[in-house]
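**Student:** I have a structure here, written as structure tokens, and I will follow up with some questions on it.
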Amino acid sequence: MLVFAGLGNPGKTYENTRHNVGFMTIDELSKEWNIPLDKTKFNGQYGIGFVSGKKVLLVKPLTYMNLSGECLRPLLDYYEIPVDNLKVIYDDLDLPTGRIRLRTKGSAGGHNGIKSTIQHLGTSEFNRIRIGIGRPVNGMKVVDYVLGAFTDEEEPAIKEAVRQSAKACEASLEKPFLEVMNEFNAKV
């Protein structure tokens, strides 16, 4: 089974914030693939279905961002899914708004959701899809920025980035992640 995990914060308050682009991508995949997120277990909301003949699990950890690993580790253990089958989708301050970047491993880069995931998985070697949200300007605190809504100017770029992230997830069903990474990272 392949797992696509979108990181974010639960609840209406955070629904359309920069920190929730991972959740937005999972919602997009849920619609496209007709996989309802109808299960709640392991501190996560998830659904299981078949896409292109492959069994797929979509999950949104409901632990709040900084504790995301507390959902992912037990979920992988319960379904006996190797870490190699996991793709984590999340926001990245170090990428320009709307840009996506795929990686096969790496540090948390200051992202607490990834830090928790690395800690609970016991490895930093898992596939990632990073969605750029840019950096705050005019002295705005990072926490206020990531928990803030996108501006009207940012909306189109973010919607396209979520679509591209979903396309990268879909491509990874048919091709090795490294090949998908090279393809999508080459796009400007």
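Note: Cβ is positioned from N, Cα and C throughout, glycine not excepted.
Marked as active site, proton acceptor by Swiss-Prot on the basis of sequence analysis: HIS19. Residues or ranges marked as tRNA binding site by Swiss-Prot: TYR14, TYR64, ASN66, ASN112. Here Swiss-Prot flags ASN9 as site 'Discriminates between blocked and unblocked aminoacyl-tRNA'. Summarising the annotation, Swiss-Prot assigns site 'Stabilizes the basic form of H active site to accept a proton' to ASP91.
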**Student:** Which of ASN9, ASN66, ASN112 (the recorded positions) has the most other Cβ atoms within 10 Å?
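**Tutor:** In terms of Cβ crowding, the pick is ASN9.
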**Student:** Please report the Cα separation of ASP91 (site 'Stabilizes the basic form of H active site to accept a proton') and HIS19 (active site, proton acceptor) in Å, rounded to an integer.
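**Tutor:** Counting only the Cα atoms, the answer is 6 Å.
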**Student:** Compute the centroid of the Cβ atoms of TYR14, TYR64, ASN66, ASN112, then list the same-chain residues not in that set whose Cβ lies within 8 Å of it, in sequence order, for the tRNA site.
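**Tutor:** Here the nearby residues are ASN9, HIS19, THR63, MET65, LEU67, SER68, GLY113.
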**Student:** List every residue in the same chain as the residue listed as 'active site, proton acceptor', at least 6 positions away in sequence, whose Cβ is under 8 Å from its Cβ.
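**Tutor:** Sequence-distant Cβ neighbours: LEU7, GLY8, ASN9, MET65, ASP91, ILE133, VAL146, LEU147.
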**Student:** For TYR14 (tRNA binding site), what is the secondary structure by DSSP, using just helix, strand and coil?
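**Tutor:** It is helical.
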**Student:** Three-state secondary structure of ASN9 (site 'Discriminates between blocked and unblocked aminoacyl-tRNA') from DSSP?
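**Tutor:** Coil, per DSSP.
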**Student:** Let me spell it out: for each of the recorded positions (TYR14, TYR64, ASP91), count the other Cβ atoms within 10 Å of that residue's Cβ, using every protein chain shown. Which one has the most?
**Tutor:** ASP91
